Amino acid sequence: MSNKKADSKPQAKYPVNLLDTPFPMRGDLPKREPQWVKEWEERGVYEKIRAASKGRPKFILHDGPPYANGDIHLGHAVNKILKDIVVKSRNMAGFDAPYVPGWDCHGMPIEIQIEKQFGKSLPAAEVMSKARAYATEQIEKQKAGFKRLGVLGDWADPYKTMNFVNEAEEIRALGKIIEKGYVYRGLKPVNWCFDCGSALAEAEVEYKDRTDPTIDVMFPFAEPEKTAQAFGLPALPRAEGGIVIWTTTPWTIPANQALNLHPEIVYALVDTERGLLIVAEERVAACMEEFKLSGRVVATAPGVKLVNLRFHHPLASAHPGYKRTAPVYLGDYVTTDTGTGVVHSSPAYGVEDFISCKTHGMTDSDIINPVMGDGRYIESLPLFGGLSIWDANPKVVDALRDAGTLLRSEKYTHSYMHCWRHKTPIIYRATSQWFAGMDVTPREGGKTLRETALEGVEATAFYPSWGKQRLFSMIANRPDWTLSRQRQWGVPMAFFVHKETGELHPRTLELLEEVAKRVEKSGIEAWQTLDPRELIGDDANLYEKNRDTLDVWFDSGTTHWHVLRGSHKDQLQFPADLYLEGSDQHRGWFHSSLLTASMLDGRAPYKGLLTHGFTVDGEGRKMSKSLGNGVDPHEVANRLGAEIIRLWIASTDYSGELAISEEILKRVTEGYRRIRNTLRFLLANLSDFDYAQHAVPVDEWLEIDRYAVAFSAQLQTELLAYYEKYEFHPVVAKLQTYCSEDLGGFYLDVLKDRLYTSAPDSRARRSAQTALYHLTQGLLRVLAPFLSFTAEEAWKVFQPASDTIFTETYYAYPDVADADALIDKWSLLRDVRGTVTKALEEARTANRIGSSLQAEVTVHASGARYDALASLGDDLKFVLITSAATVVKVDDEAQEGVDVAASKYQKCERCWHYREDVGAHADHPTLCGRCFSNLFENGEIRSAA
C-alpha cells in the first residue's frame, strides 16, 4: 500500500504523516459495481460463504418466487435487496444462511405471451415447449438484473416451479391433501375471467372503478292472497304491484331464482301510482323520491313473515321462457344501506346468493347458469342469447322497461372486480371446480383447515406486527380455495374421474404417484401425452383424464414442500425462519403457503413473516405508466450505482410506503459520500499500520482511543439488535450519525493532529491507529449487509489477504476497562466541546480569531464537568482543537462559561498551533517545540488525546 507523503514545500521540509490509499474518494459506482459482480461470480464468493458457514445453526429465508415474465422493476429491487440484507446480516451474525432464489414459472401470463407470439391454435405440447423456453429466457434476464443489484445467492442452481422434480413433488403434495380428505369437487360461484377463460384466485383480483347501469325492478305479485295475509290484511287493496329489488348487474336478472329479505327488517306495503310496492320501511321515503312516486304505507311486516311468498319473474310478460316465480328466502346479509332492502338472487353469480339458495334446498342441477366461460349467454337464453353480458346490460334494461317492471335506471360508478392480468371486469360464475375445504376436518380427525391455519397465524412472528391481524382476518373469512384452473401451462390435477359420476378413480393415490414418477423424468408433458390405458387399463372406458391444472398459487404455495424439503433439501430446511414479501402477499404467497402447510403438516411453513410496503413517488403517488413517475432500477444503477438503491432501501422504513424521487436519491447520494469519505480517512490513516507489528495493547491506549472503541462497541450492540429485528433504517441512521458526528465531527477531528504530527512510530500515533483498526473492522462489517459493494471494496484495501468480507462475522471489539464510565465521561466532554465550539464560532464571526487553533480558551466549569476537563491536563487543547486550553473551577452552573482570546504567539508552520516555543530552536525558526521533538527527538508524551 502506498505510504506517499503530500508534496507541498513545507511538508517536504517538515513532513507530516499524510498518507494515501487506493480507496478513491469517488465511488464511480456504475463502472466499478459490474466488475465486483463479475469478480464475485468468478471467485465463487457465495460458495466461500457457504463453506465458511458450514456447521453453524441454520437460518432460512425462503425466497418467494417472482413471476418469470418481464424486466425487473423497482418493487423487485426493494424485495430482493431487503432479502439480501437479511441473509448477509444473518450470515455475519454467525448463522449458516443460504439464499436459494426461485421463480414462479407456470400460469396465464406466460400462456398469453405464447398466444401473442404464435397464436391460439398451437397444440398443447408446443405451448408447453415454448412456455418453458420463454420462462427460461425471462429467468436469465431477471437473474442478471438481481445480480447487478449486489444480491448474492445460489444463482447457478435456483429453484423453478417448472423444474421436473418440483412439478412431480407438487403432484405428490396434491395426493397428500386428497388422502387427508381436504379436496372435493363442487359447483360454486368462483372469480371468473372471460379473457383468461378460467377461475381466478383471490390474489388475482383487483378493484377499479367502473360505471354500470343500476336498476330498481318490480317482481309482480304471484300469490296476492298469501301476500295480504303476511301483511295482516284480508286482501290486497289492488292487484297491481309487487316487490322491488335494486341491482348494479342487470345481466343477472335473466338468471334470477329467488329474493332475499332480512328476517328482522320491517317491510312496508306502499300504495303508489305504479301499484302496491314492497320495500324496506326505512327506505320508503328514499325510494319514493328516486322512483318519482308518491306513496302511502298500507301495512308493514317483518321479513320473517314474508318467507316463501312467490313473485313473478319481471320478464315473464316479455317471453314465455321467463314464466317462473321467485320464492322469498331469508338472509342476514341483506342491508338497508342502499337500495330497497330486497336482494334478487341469481345463485350462479353470487356467493351469498348461492349459499342462500343451497341452504333452502336448491340442488346443483336446479341452478340456472346461462353465462358461458367467454362471457356470452348461451344461444338458447330467451331475448338475449349469444350476447356478451356487458352488451346485454342495456338490452335487459330496455326489456324490463317494455315489460312494465322497471321503476328506475341510472348510471352508477362503483368499485368493481377486475382481472389483475387483463385489467378487464370479472364476475362470480358457478362452475364445477375442485376445492380445498376450509371447514373440512381431515380424515384422521382433528381441527379443520381454517382452525389449523388460524393457529399457524398465532404461532408466527410478524414484522411489522399489524400483519398478524390482517392475515388472521383473511383466513377467518375466506371461502373454500378453488384449486382448479382451466389452462394448459400448469401442473395438472393428474387424476382420473368417472365419466358419468365425476368420482375419483379408487386407485387415485397410487396413480398420482405413478404420474409423479413420469413427470419427474419428463415434466408435466408426460401427463399430456399419457394414454389412460397405460395406467388404468380397461378402466379407461369408464374414467377420463382430468383436464384441470392447479392454481399457480398452489405451485408457489407448496414450495415449502417441493423446495425446502424437495429440490433443495440439502441446503434448506422446514419450516423456514422467514418469508419476506410485499404487503399484497397476505392474500397471496403468505396465504397459500399457510393453507398448504396447514393441510400437509398441520402448521405454518414459516416462523416469521416480514412485510414491506410499495414504492411511491416523492409526492406519495403510486407508480404508474400514465403518471410517468416510474423509476427503473437499471437506469438508477447505471447512473448513480446500485449501492445508492441499496442505501435508499436500507434507510427507508419499509413497513410503510417507500418514497423515491430525484431529490430523495440526491440526499441518499450525499449520505453515501459522507460514509465513503469516512472510510477513505480510516483506510488512508491505516495504510502504514500492520496490526501484528504495530498494535498497542488496549491498556496502553490513550483515553480518547479507549473511549472511541468502547463507544463503537456499544453502538454495534445497538445495531445488531436492530438487525435482529429486521429494522434496517435505524441501523443506517445511526451509522450515518456515527460517521458524520461521532467520528467525523469529533473523534477523527481530534485525532488528526496526533495522526499527522506525532512521530510515525510513536505510541501516541500507534494507539490512534490501533483504535482506528478496530473501528474499521467493526464498521465495514455492519455496513456490509447493505453497502455491499463499498464494504467489499474497502475490505480488499484493508485486508487484502482475505477472500471477501462476507465470510466474516460481526467484529468482537476488545474489552475496554470501565467502558460505561468512559462513555459517560466523554459524552460530558463532548457536550462541553459543543459549547466551546459555539463560543469559537462567535469569536470568528466577530473577527477576533481566524481558525480555532488561533484561539486560547478558558473553560469555567463546576462539578463533574470540571473533573472531566481537568483530568485531561494539557491534552484538553487537542480535544477542543485550540492552541491552549485552561479549565477554571467554579461553584455552580450559573458561573460556567467559555472565554476565548486570540493567541499572542506565532503559528507553527507544521502543526499550525500558536505556541510560545515557536522558533525556540534557531535552526528551525518556524517550528514549535513539540514538532521539533516529534521530528528530531523522542516525541511528545500524550495520555488522554
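Each residue, glycine too, has its Cβ placed from N, Cα and C.
Under the heading region 'Disordered', Swiss-Prot lists 1-21. According to Swiss-Prot, the feature compositional bias 'Basic and acidic residues' maps to 1-10. Annotation comment: Swiss-Prot describes 66-76 as motif ''HIGH' region'. Swiss-Prot lists Glu581 with the feature L-isoleucyl-5'-AMP binding site. Residues or ranges marked as motif ''KMSKS' region' by Swiss-Prot: 622-626. As annotated by Swiss-Prot, ATP binding site applies to Lys625. Per Swiss-Prot, the feature Zn(2+) binding site maps to Cys908, Cys911, Cys928, Cys931.
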Quiz item: Mean pLDDT, the motif ''HIGH' region' (66-76)?
Solution: 93
Quiz item: List, by number or range, the same-chain residues at least 6 past the motif ''KMSKS' region' (622-626) whose CB is under 8 A from its CB atoms?
Solution: 74, 614-616
Quiz item: Who are the long-range neighbours of the motif ''HIGH' region' (66-76) in its own chain, taking Cβ under 8 Å and residues 6 or more past its ends?
Solution: 103-105, 107, 109-110, 113, 135-136, 138-139, 141-142, 145-146, 160, 582, 614-615, 623, 630-634, 660
Self-check item: Cβ-Cβ neighbours of Cys908 (Zn(2+) binding site) (radius 10 Å)
Solution: 25
Quiz prompt | Chain-internal residues, separated by at least six, CB under 8 A from Cys928 (Zn(2+) binding site) | solution = Cys908, Arg910, Cys911, His913, Arg915, Asp917, Val918, Ala920
Quiz item: According to DSSP, how is the motif ''KMSKS' region' (622-626) divided among helix, strand and coil residues?
Solution: 0 helix, 1 strand, 4 coil
Quiz item: What counts of helix, strand and coil residues does DSSP assign across the motif ''HIGH' region' (66-76)?
Solution: 3 helix, 1 strand, 7 coil
Quiz item: Which is it, of Glu581, Cys911, Cys931: the one of these binding-site residues whose Cβ has the most other Cβ atoms within 10 Å?
Solution: Cys931
Practice problem: Calculate the distance in Å between the alpha carbons (Cα) of Glu581 (L-isoleucyl-5'-AMP binding site) and Cys931 (Zn(2+) binding site), and round it to a whole number. | Solution: 60
Exercise. Show, in sequence order, which residues other than Cys908, Cys911, Cys928, Cys931 on the same chain lie with their Cβ within 8 Å of the centre of the Cβ atoms of the Zn(2+) site.
Key: Thr757, Glu909, Arg910, Trp912, His913, Arg915, Val918, Leu927, Gly929, Arg930, Phe932
Quiz item: Where does Cys931 (Zn(2+) binding site) sit by DSSP, helix, strand or coil?
Solution: helix
Quiz prompt | Secondary structure at Cys908 (Zn(2+) binding site), reduced by DSSP to three states | solution = coil
